[in-house]
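Single-structure report; data block below.
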Amino acid sequence: MNSPTNVSRTSYSAIASALLLFLLLNTPVNAQLSSTFYDNTCPNALNTIRTSIRQAVSRERRMAASLIRLHFHDCFVQGCDASILLSEAATSTSEQTARPNAGSVRGYEVIDAAKAEVEKICPEVVSCADILAVAARDASFAVGGPSWTIKLGRKDSTTASRDLANSDLPFFGSNVNELIANFARKGLSARDMVALSGAHTIGQAQCFTFSERINSNGSDIDAGFASTRTRGCRNANLAPLDLVTPNSFDNNYFKNLIQKKGLLESDQTLFNGGPTDSIVSQYSSSPATFKSDFAAAMIKMGDIIDPVTSQNGVIRRICSDLN
(Lines of atoms letter the chains of each structure in order from A; the text may use other names.)
(Lines give C-alpha, C1' and ligand atoms only; values in the text may rest on other atoms or scores of the structure.)
Protein backbone atom coordinates (compact mmCIF):
# COMPACT_ATOMS: atom_id res chain seq x y z
CA MET A 1 0.00 0.00 0.00
CA ASN A 2 1.28 3.49 -0.80
CA SER A 3 2.33 5.65 2.08
CA PRO A 4 0.57 9.02 2.55
CA THR A 5 3.68 10.70 1.17
CA ASN A 6 3.65 8.61 -1.99
CA VAL A 7 -0.07 9.19 -2.51
CA SER A 8 0.48 12.91 -2.14
CA ARG A 9 3.32 12.91 -4.62
CA THR A 10 1.33 10.81 -7.10
CA SER A 11 -1.69 13.11 -6.81
CA TYR A 12 0.47 16.18 -7.22
CA SER A 13 2.08 14.75 -10.33
CA ALA A 14 -1.30 13.91 -11.83
CA ILE A 15 -2.67 17.38 -11.07
CA ALA A 16 0.44 19.01 -12.53
CA SER A 17 0.16 16.93 -15.71
CA ALA A 18 -3.53 17.76 -16.06
CA LEU A 19 -2.83 21.45 -15.56
CA LEU A 20 -0.06 21.42 -18.18
CA LEU A 21 -2.37 19.70 -20.68
CA PHE A 22 -5.10 22.27 -19.98
CA LEU A 23 -2.70 25.13 -20.59
CA LEU A 24 -1.44 23.59 -23.83
CA LEU A 25 -4.97 23.14 -25.13
CA ASN A 26 -6.25 26.55 -24.05
CA THR A 27 -3.32 28.87 -24.68
CA PRO A 28 -3.84 30.80 -27.94
CA VAL A 29 -1.54 29.33 -30.54
CA ASN A 30 -0.91 32.73 -32.06
CA ALA A 31 0.96 33.67 -28.87
CA GLN A 32 3.83 31.72 -30.42
CA LEU A 33 3.97 34.07 -33.39
CA SER A 34 6.39 36.99 -33.36
CA SER A 35 7.40 39.71 -35.79
CA THR A 36 11.03 38.97 -34.93
CA PHE A 37 10.77 35.20 -35.41
CA TYR A 38 13.42 35.04 -38.17
CA ASP A 39 15.70 37.83 -36.96
CA ASN A 40 18.43 35.39 -35.98
CA THR A 41 17.72 32.36 -38.17
CA CYS A 42 17.08 34.20 -41.47
CA PRO A 43 17.53 37.96 -41.10
CA ASN A 44 17.19 38.68 -44.84
CA ALA A 45 14.03 36.64 -45.33
CA LEU A 46 11.57 39.55 -45.44
CA ASN A 47 13.67 41.62 -47.83
CA THR A 48 14.08 38.62 -50.11
CA ILE A 49 10.32 37.96 -50.18
CA ARG A 50 9.56 41.65 -50.72
CA THR A 51 11.86 41.84 -53.75
CA SER A 52 10.31 38.75 -55.29
CA ILE A 53 6.74 39.99 -54.77
CA ARG A 54 7.49 43.45 -56.12
CA GLN A 55 8.90 41.91 -59.28
CA ALA A 56 5.82 39.74 -59.75
CA VAL A 57 3.41 42.65 -59.25
CA SER A 58 5.42 44.90 -61.56
CA ARG A 59 5.06 42.26 -64.27
CA GLU A 60 1.30 41.97 -63.70
CA ARG A 61 -0.47 44.39 -61.40
CA ARG A 62 -3.47 42.08 -61.05
CA MET A 63 -1.19 39.64 -59.22
CA ALA A 64 -1.47 41.79 -56.09
CA ALA A 65 -5.16 40.92 -55.78
CA SER A 66 -4.42 37.26 -56.49
CA LEU A 67 -1.84 37.02 -53.71
CA ILE A 68 -4.10 38.66 -51.14
CA ARG A 69 -6.88 36.25 -52.13
CA LEU A 70 -4.51 33.28 -52.00
CA HIS A 71 -3.61 34.09 -48.38
CA PHE A 72 -7.31 34.57 -47.53
CA HIS A 73 -8.31 31.22 -49.07
CA ASP A 74 -5.49 29.55 -47.19
CA CYS A 75 -6.39 30.94 -43.77
CA PHE A 76 -10.08 30.01 -44.00
CA VAL A 77 -9.23 26.31 -44.38
CA GLN A 78 -7.31 24.66 -41.53
CA GLY A 79 -5.87 28.03 -40.54
CA CYS A 80 -2.96 29.85 -42.18
CA ASP A 81 -0.93 26.73 -42.86
CA ALA A 82 -0.15 26.85 -46.61
CA SER A 83 -2.46 23.87 -47.17
CA ILE A 84 -3.83 25.59 -50.27
CA LEU A 85 -0.39 25.39 -51.88
CA LEU A 86 -0.32 21.58 -51.86
CA SER A 87 -0.93 20.33 -55.39
CA GLU A 88 -2.98 17.34 -56.48
CA ALA A 89 0.28 15.53 -57.16
CA ALA A 90 1.12 15.95 -53.47
CA THR A 91 -2.25 15.02 -52.00
CA SER A 92 -5.49 13.60 -53.35
CA THR A 93 -7.44 16.05 -51.18
CA SER A 94 -5.81 19.17 -52.64
CA GLU A 95 -7.75 22.37 -51.98
CA GLN A 96 -6.74 23.71 -55.37
CA THR A 97 -9.54 21.79 -57.06
CA ALA A 98 -12.25 22.79 -54.58
CA ARG A 99 -15.15 24.74 -56.13
CA PRO A 100 -14.12 28.16 -54.74
CA ASN A 101 -10.51 27.68 -55.93
CA ALA A 102 -10.50 25.71 -59.17
CA GLY A 103 -9.75 27.86 -62.18
CA SER A 104 -9.82 31.08 -60.17
CA VAL A 105 -7.25 31.12 -57.38
CA ARG A 106 -3.83 31.94 -58.80
CA GLY A 107 -0.35 33.10 -57.85
CA TYR A 108 1.00 29.72 -56.78
CA GLU A 109 4.06 30.14 -58.99
CA VAL A 110 4.83 33.52 -57.39
CA ILE A 111 4.95 31.96 -53.92
CA ASP A 112 7.06 29.09 -55.29
CA ALA A 113 9.52 31.61 -56.73
CA ALA A 114 9.73 33.57 -53.48
CA LYS A 115 10.24 30.34 -51.55
CA ALA A 116 13.04 29.29 -53.91
CA GLU A 117 14.85 32.58 -53.29
CA VAL A 118 14.51 32.21 -49.52
CA GLU A 119 15.72 28.61 -49.67
CA LYS A 120 18.94 29.84 -51.32
CA ILE A 121 19.86 31.89 -48.26
CA CYS A 122 18.15 29.92 -45.46
CA PRO A 123 17.35 26.31 -46.38
CA GLU A 124 14.38 24.79 -44.55
CA VAL A 125 13.95 27.71 -42.15
CA VAL A 126 11.07 29.87 -43.42
CA SER A 127 7.63 28.29 -43.82
CA CYS A 128 5.51 28.59 -46.94
CA ALA A 129 2.67 29.79 -44.70
CA ASP A 130 4.76 32.73 -43.52
CA ILE A 131 5.88 33.53 -47.07
CA LEU A 132 2.22 33.61 -48.13
CA ALA A 133 1.33 35.98 -45.28
CA VAL A 134 4.24 38.30 -46.09
CA ALA A 135 3.45 38.17 -49.80
CA ALA A 136 -0.12 39.37 -49.19
CA ARG A 137 1.16 42.33 -47.16
CA ASP A 138 3.81 43.25 -49.72
CA ALA A 139 1.33 42.88 -52.58
CA SER A 140 -1.08 45.27 -50.87
CA PHE A 141 1.61 47.89 -50.38
CA ALA A 142 2.86 47.52 -53.96
CA VAL A 143 -0.47 48.77 -55.36
CA GLY A 144 -1.06 51.60 -52.90
CA GLY A 145 -2.62 49.62 -50.10
CA PRO A 146 -1.61 49.55 -46.45
CA SER A 147 1.30 47.70 -44.92
CA TRP A 148 1.30 46.02 -41.53
CA THR A 149 3.59 44.17 -39.15
CA ILE A 150 3.52 40.44 -39.86
CA LYS A 151 3.59 38.02 -36.98
CA LEU A 152 5.72 35.04 -38.03
CA GLY A 153 6.42 31.50 -36.95
CA ARG A 154 3.67 29.53 -38.70
CA LYS A 155 4.25 25.94 -39.71
CA ASP A 156 3.23 24.25 -42.95
CA SER A 157 0.61 21.54 -42.83
CA THR A 158 1.15 18.05 -44.19
CA THR A 159 -2.51 17.77 -45.20
CA ALA A 160 -5.10 19.67 -47.22
CA SER A 161 -8.89 19.49 -47.14
CA ARG A 162 -10.96 19.90 -50.26
CA ASP A 163 -14.12 19.30 -48.21
CA LEU A 164 -13.34 22.17 -45.82
CA ALA A 165 -12.47 24.44 -48.74
CA ASN A 166 -15.87 23.71 -50.24
CA SER A 167 -17.69 24.33 -46.96
CA ASP A 168 -15.72 27.10 -45.23
CA LEU A 169 -14.83 29.56 -47.98
CA PRO A 170 -17.36 32.36 -48.62
CA PHE A 171 -19.61 32.02 -51.67
CA PHE A 172 -19.94 34.81 -54.25
CA GLY A 173 -23.73 34.56 -53.95
CA SER A 174 -23.84 34.82 -50.14
CA ASN A 175 -26.02 37.41 -48.41
CA VAL A 176 -24.77 39.66 -45.65
CA ASN A 177 -26.01 37.51 -42.78
CA GLU A 178 -24.39 34.41 -44.25
CA LEU A 179 -21.12 36.30 -44.64
CA ILE A 180 -21.22 37.61 -41.07
CA ALA A 181 -21.80 34.06 -39.78
CA ASN A 182 -19.07 32.63 -42.01
CA PHE A 183 -16.47 35.11 -40.78
CA ALA A 184 -17.62 34.80 -37.17
CA ARG A 185 -16.77 31.10 -37.29
CA LYS A 186 -13.19 32.16 -37.93
CA GLY A 187 -13.18 34.69 -35.08
CA LEU A 188 -13.66 37.69 -37.36
CA SER A 189 -16.24 40.42 -36.77
CA ALA A 190 -18.70 41.96 -39.22
CA ARG A 191 -16.40 44.97 -39.45
CA ASP A 192 -13.45 42.69 -40.23
CA MET A 193 -15.54 41.06 -42.95
CA VAL A 194 -16.45 44.36 -44.60
CA ALA A 195 -12.85 45.59 -44.42
CA LEU A 196 -11.50 42.38 -45.93
CA SER A 197 -14.15 42.50 -48.65
CA GLY A 198 -12.58 45.82 -49.58
CA ALA A 199 -9.76 43.83 -51.18
CA HIS A 200 -12.18 43.72 -54.12
CA THR A 201 -11.08 47.25 -54.88
CA ILE A 202 -8.47 45.44 -57.00
CA GLY A 203 -8.63 42.28 -59.07
CA GLN A 204 -11.10 40.69 -61.45
CA ALA A 205 -13.94 38.17 -61.40
CA GLN A 206 -15.08 35.60 -63.92
CA CYS A 207 -18.37 36.23 -65.70
CA PHE A 208 -20.17 33.20 -64.28
CA THR A 209 -19.79 34.64 -60.77
CA PHE A 210 -21.86 37.75 -61.58
CA SER A 211 -23.89 36.93 -64.70
CA GLU A 212 -27.05 36.15 -62.71
CA ARG A 213 -26.80 39.44 -60.86
CA ILE A 214 -26.31 41.66 -63.92
CA ASN A 215 -29.18 39.96 -65.73
CA SER A 216 -31.59 40.04 -62.80
CA ASN A 217 -33.13 43.49 -63.42
CA GLY A 218 -33.11 43.76 -59.65
CA SER A 219 -33.61 46.95 -57.65
CA ASP A 220 -30.18 46.58 -56.05
CA ILE A 221 -28.17 47.10 -59.26
CA ASP A 222 -27.66 50.22 -61.35
CA ALA A 223 -29.17 49.60 -64.78
CA GLY A 224 -26.35 51.31 -66.70
CA PHE A 225 -23.76 49.38 -64.75
CA ALA A 226 -25.56 46.11 -65.47
CA SER A 227 -25.73 46.91 -69.16
CA THR A 228 -22.02 47.72 -69.30
CA ARG A 229 -21.09 44.50 -67.53
CA THR A 230 -23.35 42.39 -69.74
CA ARG A 231 -21.28 43.18 -72.80
CA GLY A 232 -18.56 40.58 -73.21
CA CYS A 233 -19.77 38.48 -70.26
CA ARG A 234 -19.08 34.88 -71.29
CA ASN A 235 -18.34 32.11 -68.76
CA ALA A 236 -14.71 32.60 -67.69
CA ASN A 237 -14.29 36.05 -69.24
CA LEU A 238 -12.92 38.51 -66.71
CA ALA A 239 -14.24 41.85 -65.53
CA PRO A 240 -12.67 44.20 -62.98
CA LEU A 241 -14.30 44.17 -59.55
CA ASP A 242 -13.86 47.95 -59.43
CA LEU A 243 -14.54 49.50 -62.83
CA VAL A 244 -13.22 52.92 -61.76
CA THR A 245 -9.69 52.18 -60.49
CA PRO A 246 -9.22 48.41 -60.96
CA ASN A 247 -5.48 48.41 -60.33
CA SER A 248 -5.24 50.74 -57.34
CA PHE A 249 -5.93 49.90 -53.73
CA ASP A 250 -8.37 52.63 -52.70
CA ASN A 251 -11.89 52.99 -51.28
CA ASN A 252 -13.75 53.21 -54.60
CA TYR A 253 -15.11 49.72 -53.97
CA PHE A 254 -17.29 51.13 -51.19
CA LYS A 255 -18.34 54.14 -53.24
CA ASN A 256 -19.45 51.69 -55.93
CA LEU A 257 -21.62 49.80 -53.44
CA ILE A 258 -23.45 52.97 -52.45
CA GLN A 259 -24.16 53.56 -56.17
CA LYS A 260 -25.46 49.97 -56.54
CA LYS A 261 -22.45 49.06 -58.65
CA GLY A 262 -21.13 46.11 -56.71
CA LEU A 263 -20.16 43.38 -59.16
CA LEU A 264 -20.83 40.28 -57.05
CA GLU A 265 -23.90 39.56 -54.98
CA SER A 266 -21.58 39.14 -51.98
CA ASP A 267 -20.32 42.68 -52.65
CA GLN A 268 -23.62 44.54 -53.00
CA THR A 269 -25.17 42.74 -50.04
CA LEU A 270 -22.85 44.74 -47.79
CA PHE A 271 -24.87 47.88 -48.66
CA ASN A 272 -28.45 46.84 -49.16
CA GLY A 273 -30.38 48.00 -46.11
CA GLY A 274 -28.63 45.58 -43.78
CA PRO A 275 -26.39 45.64 -40.69
CA THR A 276 -23.19 46.65 -42.51
CA ASP A 277 -24.50 49.70 -44.38
CA SER A 278 -22.99 52.12 -41.86
CA ILE A 279 -19.54 50.52 -42.16
CA VAL A 280 -19.64 50.78 -45.95
CA SER A 281 -20.67 54.43 -45.65
CA GLN A 282 -17.81 55.15 -43.28
CA TYR A 283 -15.23 53.49 -45.53
CA SER A 284 -16.59 55.27 -48.60
CA SER A 285 -15.97 58.65 -46.99
CA SER A 286 -12.72 57.81 -45.17
CA PRO A 287 -10.05 55.93 -47.12
CA ALA A 288 -7.70 56.20 -44.14
CA THR A 289 -10.18 54.39 -41.87
CA PHE A 290 -10.66 51.67 -44.46
CA LYS A 291 -6.94 51.08 -44.92
CA SER A 292 -6.32 51.05 -41.18
CA ASP A 293 -9.14 48.57 -40.60
CA PHE A 294 -8.06 46.43 -43.53
CA ALA A 295 -4.54 46.11 -42.10
CA ALA A 296 -5.94 45.23 -38.66
CA ALA A 297 -8.28 42.62 -40.16
CA MET A 298 -5.45 41.07 -42.17
CA ILE A 299 -3.38 40.72 -39.00
CA LYS A 300 -6.34 39.15 -37.23
CA MET A 301 -6.98 36.78 -40.13
CA GLY A 302 -3.30 35.85 -40.18
CA ASP A 303 -3.68 34.69 -36.59
CA ILE A 304 -6.08 31.91 -37.58
CA ILE A 305 -3.94 28.91 -36.73
CA ASP A 306 -4.80 25.23 -36.59
CA PRO A 307 -3.37 23.86 -33.30
CA VAL A 308 -2.56 20.56 -35.00
CA THR A 309 -0.49 22.30 -37.66
CA SER A 310 1.25 24.45 -35.07
CA GLN A 311 2.33 21.42 -33.06
CA ASN A 312 2.92 18.91 -35.87
CA GLY A 313 3.63 21.12 -38.86
CA VAL A 314 6.77 21.19 -40.97
CA ILE A 315 8.83 23.58 -43.05
CA ARG A 316 8.24 22.49 -46.64
CA ARG A 317 11.18 22.85 -48.99
CA ILE A 318 8.82 23.14 -51.99
CA CYS A 319 5.47 24.74 -51.21
CA SER A 320 3.45 22.60 -53.61
CA ASP A 321 4.87 19.34 -52.35
CA LEU A 322 5.33 17.35 -49.16
CA ASN A 323 8.82 16.92 -47.78
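Backbone N, Cα and C define each Cβ position, glycine as well.
Positions annotated as signal peptide by TrEMBL: 1-31.
Here TrEMBL flags 32-323 as domain 'Plant heme peroxidase family profile'.
In sequence order, VAL118, ILE121, CYS122, VAL125, VAL126 are the residues of the chain that are 6 or more apart from CYS42 (disulfide bond) and have a CB within less than 8 Å of its CB. Under the heading disulfide bond, TrEMBL lists CYS42-CYS122 (among others).
Marked as site 'Transition state stabilizer' by TrEMBL: ARG69. Over all protein chains present, the Cβ of ARG69 (site 'Transition state stabilizer') has 21 other Cβ atoms lying within 10 Å.
The 10 Å shell around the Cβ of HIS73 (active site, proton acceptor) contains 22 further Cβ atoms across the protein chains shown. As annotated by TrEMBL, active site, proton acceptor applies to HIS73.
Marked as Ca(2+) 1 binding site by TrEMBL: ASP74, VAL77, GLY79, ASP81, SER83, GLU95.
Shown in sequence order, LYS186, MET301, GLY302, ILE304 are the residues of the chain, 6+ apart in sequence, with a C-beta less than 8 angstroms from the C-beta of CYS75 (disulfide bond). Here TrEMBL flags CYS75-CYS80 (among others) as disulfide bond.
Annotation comment: TrEMBL describes CYS128-CYS319 (among others) as disulfide bond. Its own atom aside, the Cβ of CYS128 (disulfide bond) has 30 Cβ atoms within 10 angstroms in the protein chains shown.
The Cβ of PRO170 (substrate binding site) lies under 8 Å from the Cβ of PHE76, PRO100, LEU179, ASN182, PHE183, SER266, each on the same chain and at least six residues away in sequence. The annotation substrate binding site is assigned in TrEMBL to PRO170.
According to TrEMBL, the feature heme b binding site maps to HIS200.
Look at TrEMBL and you will find THR201, ASP242, THR245, ASP250 tagged as Ca(2+) 2 binding site.
Same-chain residues at least 6 positions away in sequence with a Cβ under 8 Å from that of CYS207 (disulfide bond) are, in sequence order, CYS233, ARG234, ASN235, ALA236, ASN237, LEU238, ALA239. Annotation source TrEMBL lists disulfide bond at CYS207-CYS233 (among others).
Same-chain residues that are not part of THR201, ASP242, THR245, ASP250 yet have a Cβ within 8 Å of the Cβ center of the Ca(2+) 2 site turn out to be ILE202, VAL244, PRO246, SER248, PHE249, ASN251, ASN252, TYR253. Proximity to ASP81 (Ca(2+) 1 binding site), defined by a C-alpha to C-alpha distance within 10 angstroms, is shown by none of the binding-site residues ASP242, THR245, ASP250. In the structure shown, the C-beta of CYS80 has more C-beta neighbours within 10 angstroms than that of any other entry among the recorded positions VAL77, CYS80, CYS122, CYS233.
Shown are the binding-site residues ASP74, ASP81, GLU95, ASP242, ASP250; of these, the residue with the fewest other Cβ atoms within 10 Å is ASP250. Annotation: no recorded positions among ARG69, VAL77, GLU95, HIS200, ASP250 have CA atoms within 10 angstroms of the CA of CYS128 (disulfide bond).
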